[in-house]
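Trainee: The annotation N-acetylserine is assigned in Swiss-Prot to 2 on the grounds of a large-scale study or a structure entry. Sequence annotations record features per position, and here Swiss-Prot assigns repeat 'TPR 1' to 42-75. Swiss-Prot lists 163-196 with the feature repeat 'TPR 2'. For 224-257, the entry in Swiss-Prot reads repeat 'TPR 3'. Residues or ranges marked as region 'Disordered' in Swiss-Prot: 363-387. Residues or ranges marked as compositional bias 'Acidic residues' in Swiss-Prot: 371-387.
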């Protein structure tokens, strides 16, 4: 194995461990060669682009990624992933075109006997194209038709078993204001995410091969963002119990995930507001449609913190938001997303009684104190309007 091959392998291993800075450090000796003797090396261009992207340096990744796509137009050397990444960065009609090129490359290679990996990549490409149609191209007259056609293809390819496809379907239904159908789609998404998480977890525990195990661990961590996105979409249609199950899965993967804690606290906050609304408006039949409307008017619902029916919900909200603040103590002050989450957690806590004492959080973390809610039956809030 040459020095270059060893470097590429080590850099890929670092990226699999979600350590982009380490990967860039490993690659540094070959940086200047990208403009000289290794200018036409597809794999080196790809791994440099991946490292820059994972490190949040899109502007540095873009020209290198474009070069890789130019050098390997059929994806025969480095595979199709670069086309999907490039298309997502570009967006618009150009983005759709280059992602479609990647999809066609896989289809031409696999023919009628596509492997599971090839199907997964094609579906990922289809969902990326849908995202572009729902954002950059949403004002085009055929946008809705394109989304419907593409999601149907994705469903057919995965036999209706892809959690990501169900999540995207739910997002489409929200855009169409079909909130009941969105609710059902998100419930299905969670069912299949749960199965996927269990399968990957079992593979990690049972696999003795170090390389394969590292790959599975990377897949496990990769579930975080789609799960967090699903949580946020569940909240839009009042699928609160589903959201809490998804958040529990997030915690299994990353115990100190700040966004997960924030979303958990926000979910309980919404549930407490909804409980007050129900008590004050018993004649209203709650459904995903008016839960969506309710979310738009959430600030107008006053909270009485002494009101017994919501006391446990308020406590659970304070608990999760307090953990979010605790997890953010050592966060990068320049990370705008994290700082926004911490600001949101602080704002909610001011409304519901402030953070819990750090000593109480420590005891709960150790298991010395049990959250009272664990001994209560699950609230049936959403069942009343999910039919």
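Glycine too: its Cβ is placed from the backbone N, Cα and C atoms.
Give me the lay of the land around each of these features.
Mentor: Mapped onto three states, the DSSP output places residue 2 (N-acetylserine) in coil.
Sequence-distant contacts of the repeat 'TPR 1' (42-75) (same chain, at least 6 residues past either end, Cβ-Cβ under 8 Å): 4, 8, 11-12, 15, 18, 20-21, 23-24, 27, 30-31, 33-34, 81-83, 85-86, 89, 98, 101-102, 105-106, 108-109.
Residues of the same chain lying 6 or more positions beyond the ends of the repeat 'TPR 2' (163-196) and with a Cβ under 8 Å from any Cβ of it are 123-124, 127, 130-131, 134, 138, 144, 147-148, 151, 154-155, 223, 226-227, 229-230, 233-234, 236-239, 242, 245-246, 249, 287-289, 291-292, 386.
Residues 163-164, 167, 170-171, 174, 179, 182-183, 186-187, 189-190, 193-194, 197, 263-264, 266-267, 270-271, 274, 286, 288, 291-292, 294-295, 327, 378-379, 381-382, 385-386 of the same chain, all 6+ positions outside the repeat 'TPR 3' (224-257), place their C-beta atoms under 8 angstroms from a C-beta of that stretch.
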Trainee: As a test of reading the model: what is the averaged pLDDT for the repeat 'TPR 3' (224-257)?
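Mentor: Result for the repeat 'TPR 3' (224-257): average pLDDT 96.
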Trainee: Among all the protein chains here, how many other CB atoms are within 10 A of the CB of residue 2 (N-acetylserine)?
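Mentor: Other Cβ atoms within 10 Å of residue 2 (N-acetylserine): 7.
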